[in-house]
Amino acid sequence: MKVTLFATCIVDLFQGNVGKATVELLERLGCEIEFPESQVCCGQPSYNSGYVNETKDAMKKMIDTFIDAEYVVSPSGSCAYMFHEYQHIFKGDPVWEPKAKKLAEKTYELTQFIVDVLKVEDVGARFDATVTYHTSCHMTRLLGVKEAPMTLLKNVKGLKFTELPGKEQCCGFGGTFAVKMAQISEQMVDEKVLHVEETGAEYLIGADAACLMNIGGRIERQGKPIKVMHIAEVLNSR
Amino acid sequence: MSMKIGEDKFKERVGKGIDNTFMRGAVAGAQERMGTRRENATEELGNWEEWRSHGEEIRKHVLENLDFYLEQLSENVAARGGHVFFAQTAAEANEYIQGVAKSKNAKKVVKAKSMVTEEISLNSALQQAGCEVIETDLGEYILQVDDHDPPSHIVVPALHKNKEQIRDVFAEKLGYQKTSKPEELALHARQKLREEFMSADIGITGCNFAVAETGSFSLVTNEGNADLVTSLPKTQITVMGMERLVPTFEEMEVLVSLLTRSSVGQKLTSYITVLTGPREELETDGPEEFHLVIVDNGRSSILGGEFQSVLNCIRCAACINVCPVYRQVGGHSYGSIYSGPIGAVLSPLLGGYDEFKELPYATTLCGACTEVCPVKIPLHELLHKHRQVIVEKEGRAPFAEKMAMKAFGMGASSPALYKLGTKFVPSVMSPFTDGDKISKGPGPLKLWTDSRDFPAPNKERFRDWFKNRDKGGKES
């Protein structure tokens, strides 16, 4: 199966390990990975800040980059959702709305793709640790992917799972919110870190690099002994 | 603007909110209690999503036929001997009500809880007309006694106060000498309020839903005070937002169920009161005179536009009770009597961007509000829509942000520019980089690194790794 990887700009620039793990994991599951060089960013930072028209060129670039893929897979629920959002943004546009629809139909978040398309629930991973999992807002509420990551984690050998209290609460990232409303964002991430600590888990796992960058950044600043890892890295552990 | 509370700037209000650890504890606790109750009350129906769709359908139908139903309502109120006044502005509503008070030579007004009367600042208008105004909802009463502390929640107005604080307020202002036990505090308020009910000239209520077919209106309460407000004084005035009506009792039943379950997690509240016009000949209680004041105050300009769905709102506060931002900053931080997600959407529409332009940014667009709204208002989408209006129609975005977003747009739409630009990210960032992290970032990144570390850029971009590795191989 041919998979076109939408790595996301955060992974490209800051979380290379997540990209590598995604590639290795999907290859192990029999996929052939392609990475189109013309991919940039899905446009969320400016789109979410209200610069809708300013962002349209970037979105069109992304649509053209991925339009001919068989499957588009991204290790980020939020960025994968953005590809689904394009069809609403270009609503009424005779050229771009149909293209955006086509793109949305083949775009999946990584765990969603593994469970729903590859029909794999056990990726054969081993990870000897106690973990908790942060359910990212856009991935669960907007993209609607709730079960897939849990299904996959449940089948990882050696992994002990502990539920995160207040898991439905946003971590306080919110794109430019984190800097524009930094004082509120800090309180939100603080509460999230507190909840992670309460679980006693050694690792916080998530499926969205941006949330992990936020929570992880706070954990690191506070010098807490909790490690943060993307679900692709856990599923790629053997 | 009349719905505005306080003079502090947004950041100062937020700062005060964050520093108020007691309030935050109370809010977090209330969110958890009400959240669990709401979940239980909605799940037990077994088909909550169908209920939501039905509720949305009803609200949409009413808004699309609002002129028809408003006319039907006013005809039926008049047919039952009531007076109807359409107020285009807050001032018009207040003037009319002042006029009624004067004509009755009223000295004392008792009120049931009503957000629309807060919105139009009716209390101060009545005071100007020489009336003493008594709030009789316990929460509102506490706030009024505490030098008119504004409400911080549309359903639980005194959410930000605990029982010890309430005891202190009662002790200082009312000479209360007992303990902070809620029963004792409530009893004291009841005794005080009972005297007020008996001696009031006018009773004023809000309106949960008016029923167009019969000219009735309903009040959904838990304390029973609204029933005294509507049965003891000789004159009654009901104030309603112009969108708060339903065609018949059949639709009211659906919306009341959505309201009580979403709002307080109850199947029904203790009192659901439906009243129609003034007292009739053979009736033993109720007002001799009834006035219905229908308030526009900016609502008609929302109709037919991209924000129309906000008028679906039935004021249940479910969105407020799940909002992670409200949780940290409390209601007063919003600077509007309408707080939380619904307040952040509604306040700029009713009160203007000059006063409330920050509110649409006080959200991570996490969608928790949209998920719980019983009448399916896409709240987080409307918040995003406000941002778009602020940036693209109003041109109010800060210059530096505009430039940054322009640069971002250029970089993100040009792969060549992106590739070239990002190639140098590690070297540009190296002075700020400490091992694998950045602890003191430059520019806007500083706002991030004030509280969090930021990851150091990959030494090798992922794309370069992918390109350089053996084609098809599994080793890097």
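Cβ atoms are placed via backbone N, Cα and C, with glycine included.
Look at TrEMBL and you will find B:70-295 tagged as domain 'LUD'. This prediction places the mean pLDDT of the domain 'LUD' (B:70-295) at 96.
Across the domain '4Fe-4S ferredoxin-type' (B:310-377), DSSP helix (H, G, I), strand (E, B) and coil residues number 42 helix, 1 strand, 25 coil. Residues annotated as domain '4Fe-4S ferredoxin-type' in TrEMBL: B:310-377.
Positions annotated as [4Fe-4S] cluster 1 binding site by TrEMBL: B:Cys313, B:Cys316, B:Cys319, B:Cys373. Taking Cβ-Cβ distances under 8 Å and a sequence separation of 6 or more, the neighbours of B:Cys316 ([4Fe-4S] cluster 1 binding site) in its chain are B:Val155, B:Leu258, B:Leu259, B:Ser262, B:Ser263, B:Pro374.
The [4Fe-4S] cluster 2 binding site annotation in TrEMBL covers B:Cys323, B:Cys366, B:Cys369. Sequence-distant neighbours of B:Cys369 ([4Fe-4S] cluster 2 binding site) (same chain, 6+ apart, CB under 8 A from its CB) are B:Ala318, B:Cys319, B:Val322, B:Cys323, B:Gly340, B:Pro341, B:Ile342, B:Leu379, B:His380.
Annotation source TrEMBL lists region 'Disordered' at B:435-476.
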Around the Cβ of B:Cys373 ([4Fe-4S] cluster 1 binding site), the count of other Cβ atoms that are within 10 Å: 27
Which of B:Cys313, B:Cys316, B:Cys323, B:Cys366, B:Cys369 (binding-site residues) reach within a Cβ distance of under 8 Å of chain A? B:Cys366
C-alpha of B:Cys366 ([4Fe-4S] cluster 2 binding site) to C-alpha of B:Cys313 ([4Fe-4S] cluster 1 binding site): distance in Å? 19
What does the DSSP secondary structure composition of the region 'Disordered' (B:435-476) look like, as residue counts for helix, strand and coil? 12 helix, 4 strand, 26 coil
